[in-house]
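Pulled from TrEMBL, these are the features on record:
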type	residues	note
REGION	1-238	region '2-C-methyl-D-erythritol 4-phosphate cytidylyltransferase'
SITE	Arg21	site 'Transition state stabilizer'
SITE	Lys28	site 'Transition state stabilizer'
SITE	Arg163	site 'Positions MEP for the nucleophilic attack'
SITE	Lys217	site 'Positions MEP for the nucleophilic attack'
DOMAIN	239-391	domain '2-C-methyl-D-erythritol 2,4-cyclodiphosphate synthase'
BINDING	Asp245, His247, His279	divalent metal cation binding site
BINDING	Asp245, Val246, His247, His271, Ser272, Asp293, Ile294, Gly295, Thr369, Thr370, Thr371, Glu372, Phe376, Arg379	4-CDP-2-C-methyl-D-erythritol 2-phosphate binding site
SITE	His271	site 'Transition state stabilizer'
SITE	Thr370	site 'Transition state stabilizer'
Amino acid sequence: MPTCIAPTCIALIVAGGSGQRFGAERPKQYLELAGKPVLRRTVEAFLSHPQVTGVRVVIDPTWREAYDAAVAGLGLPDPVAGGASRQDSVRNGLEALAAADGAPDLVLIHDAARPLIDAATIGAVIDALETTPGAIAAVPVADTLKRGSGNGGAGAIAGTVDREGLWRAQTPQGFRFPAIVEAHRAAAGLSLTDDAAVAERAGLAVALVPSKEDNFKVTTPDDLTRATRAIMSSLWDVRTGSGFDVHRFTDGDFVTLCGLRVPHDHGLEGHSDADVGLHALTDAILGALAAGDIGSHFPPTDPRWRGADSAKFLRHAADLVAERGGVIAHADVTIICERPKVGPHRAAMAERIAQILGIEVGRVSVKATTTEQLGFTGRREGIAAQAVATIRLPG
Ligand code: MG
């Protein structure tokens with residue numbers, strides 16, 4: 001950078017679409033993509049970029065609840081209400097940024113439905129703005145282009161279009177802030193295809209920045225599958241961890257197992273809520289991360305964990321996986337005891353674990369067995385649990 005002070009740069013994420021083309025029950029930006037909503041992945045890509053100062057999202061207020069759930073915990077400012085068209089939505093977003101204290105030097109306008117945007121492309125668009133008022137991510141057209149003779153349909157080939165110099169425009173589309181605000185105000189009411197077209201109309205130079213094919217827009221269910229595959233193939237460091245735990249019976253009238261309160265003629269002794277199932281699973285995930293054990297993260301000598309809900313321990317292990325950019329692929333818990341009967345609670349236990357981990361219930365298994373009245377569990381002195389977890393981390 002030629003200047004000492006880095007420019008402020010806000011990413012304006014446009015999530016106002018209703019996704020009619022997708023045909024799902026909710027707009028595509030709120031659908032799950034490899035364990036996280038599409039919008040959250042997009043927002044995180046910009047939030048984690050060192051040259052991006054902040055993120056603001058433009059939404060259809062009808063979907064405010066889905067938005068809040070998707071970006072929970074990210075500390076974003078209030079979303080901006082979108083307009084009737086994408087162009088209106090972007091203008092609303094720009095006006096909100098202009099009205100805020102300290103408008104940014106630069107703005108990156110990005111589609112919420114392009115979750116696979118990479119840090120290098122974001123950086124290249126920002127860097128290009130040092131020398132030009134606009135710069136967009138784009139990929140050169142590689143396929144030969146044909147013009148069909150049919151009216152809208154395919155028909156016979158009427159001609160071959162020279163692809164020399166042709167690019168497919170993506171986002172982010174970056175601009176010096178005051179220039180794009182003026183351009184959008186001047187273009188209000190017109191119907192232009194993207195923000196670069198708005199800038200071009202205002203006479204601003206817009207540079208093409210080579211981007212990646214993976215930065216495609218998730219428009220159809222097939223795109224969601226393609227995006228899932230792309231993410232999963234980047235998470236190729238597959239690891240399995242195991243965990244084991246035992247708690248002794250004591251006086252009481254219920255036990256806590258896999259996050260559920262199960263009536264019984266004894267309780268379980270322990271510093272926390274003595275949930276053997278969640279303790280074993282927490283250790284399995286920590287084991288897969290090679291990140292110590294539950295005792296090293298939550299020492300039993302610490303009074304903070306007296307009577308604690310073990311969901312907190314499991315959530316912590318899941319957060320460590322997320323911090324590493326990974327996902328939990330599967331969890332399998334086996335409860336070992338004569339009594340209480342676990343069978344009637346298995347489905348609810350799996351659901352509770354899936355909820356704590358933030359993964360689909362189809363990725364969680366809870367099983368139960370006895371030891372044929374042998375050993376300490378056979379003598380009904382306590383409950384044991386073992387667990388296996390598989391995680392996928394970025395390679
Ligand atoms: Mg324990």
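Quick reminder: no glycine exception, Cβ is built from N, Cα and C everywhere.
Distribution of TrEMBL features across the structure.
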residue: Arg163; record: site 'Positions MEP for the nucleophilic attack'; Cβ neighbours (10 Å): 13
residue: Lys217; record: site 'Positions MEP for the nucleophilic attack'; Cβ neighbours (10 Å): 16
residue: Asp245; record: divalent metal cation binding site; Cβ neighbours (10 Å): 22
residue: His247; record: divalent metal cation binding site; Cβ neighbours (10 Å): 22
residue: His271; record: site 'Transition state stabilizer'; Cβ neighbours (10 Å): 16
residue: His279; record: divalent metal cation binding site; Cβ neighbours (10 Å): 27
residue: Ile294; record: 4-CDP-2-C-methyl-D-erythritol 2-phosphate binding site; Cβ neighbours (10 Å): 25
residue: Thr369; record: 4-CDP-2-C-methyl-D-erythritol 2-phosphate binding site; Cβ neighbours (10 Å): 13
residue: Thr371; record: 4-CDP-2-C-methyl-D-erythritol 2-phosphate binding site; Cβ neighbours (10 Å): 14
residue: Phe376; record: 4-CDP-2-C-methyl-D-erythritol 2-phosphate binding site; Cβ neighbours (10 Å): 16
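Counted over every protein chain shown, other Cβ atoms within 10 Å are most numerous around Ser272 among the recorded positions Ser272, Thr370. Take the Cα of Ser272 (4-CDP-2-C-methyl-D-erythritol 2-phosphate binding site) and measure to each of the recorded positions Arg163, Asp245, His279: the nearest one is His279. Among the recorded positions Asp245, His271, Thr369, the ones whose Cβ sits under 6 Å from an atom of ligand 1 are, in sequence order, Asp245.
A gap of 15 Å separates the Cα atoms of Asp245 (divalent metal cation binding site) and Thr371 (4-CDP-2-C-methyl-D-erythritol 2-phosphate binding site). Neighbour count (other Cβ atoms within 10 Å of the Cβ, all protein chains): 27 for Lys28 (site 'Transition state stabilizer').
When the C-alpha distances from Lys217 (site 'Positions MEP for the nucleophilic attack') to the binding-site residues His247, His279, Thr369, Thr371, Phe376 are tabulated, the minimum falls on His279. Spatially, by CA atoms, the recorded positions Lys28, Arg163, His247, His271, His279 include one closest to Thr371 (4-CDP-2-C-methyl-D-erythritol 2-phosphate binding site), and that is His247. Rounded to a whole number, the C-alpha distance linking His247 (divalent metal cation binding site) with Phe376 (4-CDP-2-C-methyl-D-erythritol 2-phosphate binding site) is 11 angstrom. Here the Cα atom of Lys28 (site 'Transition state stabilizer') is found 31 Å from that of Arg163 (site 'Positions MEP for the nucleophilic attack'). It is 19 Å from the Cα atom of Thr370 (site 'Transition state stabilizer') to that of His279 (divalent metal cation binding site).
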